[in-house]
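A quick write-up on the structure given underneath.
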Amino acid sequence: MAQAGRTGYDNREIVMKYIHYKLSQRGYEWDTGDEDSAPLRAAPTPGIFSFQPESNRTPAVHRDTAARTSPLRPLVANAGPALSPVPPVVHLTLRRAGDDFSRRYRRDFAEMSSQLHLTPFTARGRFATVVEELFRDGVNWGRIVAFFEFGGVMCVESVNREMSPLVDNIALWMTEYLNRHLHTWIQDNGGWDAFVELYGPSMRPLFDFSWLSLKTLLSLALVGACITLGAYLGHK
């Protein structure tokens, strides 16, 4: 596998492809507006991204229109040093880890989804509260996997509640958080290449508690008029 060097891989690409994968599991197609992605599908209503059941996909439209308007494009323009393309094995390993996490905590995720009560006005607060709690005691690969899976849950719930434009924002928040708060830790710990080497298909199980070193509790607490969602991780 190609080495990313000190600058690392493009976090935006990792986020976008992960969200696309999670939505596709539920039968939704997400048009990212990425110039390097597959051709875009026509949206049923004006917008940056479109969500359609796979059985109702419409013919492709020119990708440049959505690419110019995507709120994520400034992250690329201001990314600084050139980032390395993300090897497919990184996406595959992260997806497998996320799926394993989701299976282990299926009941918790189902409860969380039903109680998120996302709206365009509350989504940012929900995201910030969970992520702050998730990494309060430090960073490890298990918490990074949980971070991606939580973002996927928020995106799926947004689409289920007919608020698909929120996915634009969630993808942006995830990318910004990775760039500002997690990128240094990832690079200091061998980068995504190390994640693949440690937890890839030929190595130990992707979600073995021996490497995750945590027990996850996803809980919701009502405080006044606001719901505070916490992802509490405790060491074994």
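Cβ from N, Cα, C; glycine included.
Quantities reported herein were computed from a predicted structural model and do not represent experimental measurements.
What Swiss-Prot annotates here:
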type     : residues : note
MOD_RES  : Ser70    : phosphoserine
MOD_RES  : Ser84    : phosphoserine
MOTIF    : 10-30    : motif 'BH4'
MOTIF    : 184-199  : motif 'BH2'
TRANSMEM : 209-230  : transmembrane segment
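In the shown protein chains, 17 other C-beta atoms lie within 10 A of the C-beta of Ser84 (phosphoserine). Reduced to three states, the DSSP call for Ser84 (phosphoserine) is strand. For the motif 'BH2' (184-199), the DSSP counts in helix, strand and coil order read 14 helix, 0 strand, 2 coil.
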